[in-house]
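S.K.: For reference, Swiss-Prot lists these features for the protein:
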- 114: active site, nucleophile (ACT_SITE)
- 222: active site (ACT_SITE)
- 224: active site (ACT_SITE)
- 16-250: domain 'Glutamine amidotransferase type-1' (DOMAIN)
């Protein structure tokens, strides 16, 4: 039996909430299971690791950074807008912005989902639509909370893959496919540091990658949902996990 301790170590950014009156940081198991099924070893990253000296010690131990989704939203001041965000998680924002920039500098693989994509957009100088439902030209991208969870995560709309990017390389025989949709915010302005990898039929950005980086991919949908049952989702996670081999080889050449 393979020793999981030999698998690539993937740092997973946690989310803050409250449990019986106590400040708590958690991760949904679907995100962790997707990493394990793809051959990685997930390690939870609490927000205190945003401290620069701790982050500097942590990063050499990680083979990848995983930014899962969250009920919270990125604080608007981080992308130049005024106002408060009622569903904020400042600790996650602090860690995510710090670890994204540090990982990009060190060329560590990154996989970002939903809020994670939005963090990747903001960290590289872009901005967000705070309420997609107020943009008349856009589809309804939120889930129906009255439906059973299985139906909330059912395919909702198509995405069109842009040619010549990371996503098309991972999915060479698949230029468009259906995805689930469970988000109220989305990318508004994408910085020149990013490449748009896919869009929904209304033109909204559904996937991005960082230019001149071996693997820094963000997707707006949720491939972690029953990831082992869907070939497209497995390919994305396996691509992320195997990217660490290229990262190690690159470090050895330096």
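Note that Cβ sites are derived from N, Cα and C of the backbone, with glycine treated the same way.
What's the neighbourhood like for these features in this structure?
M.R.: Shown in sequence order, 68, 69, 70, 182, 183, 219, 220, 221, 222 are the residues of the chain, 6+ apart in sequence, with a C-beta less than 8 angstroms from the C-beta of residue 114 (active site, nucleophile).
Residue 222 (active site) falls within neither a helix nor a strand when secondary structure is assigned with DSSP, and so counts as coil.
The 10 Å shell around the Cβ of residue 224 (active site) contains 26 further Cβ atoms across the protein chains shown.
Across the domain 'Glutamine amidotransferase type-1' (16-250), the model assigns an average pLDDT of 95.
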S.K.: Just how many other Cβ atoms lie inside 10 Å of the Cβ on residue 222 (active site)?
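M.R.: Excluding its own Cβ, residue 222 (active site) sees 24 Cβ atoms within 10 Å.
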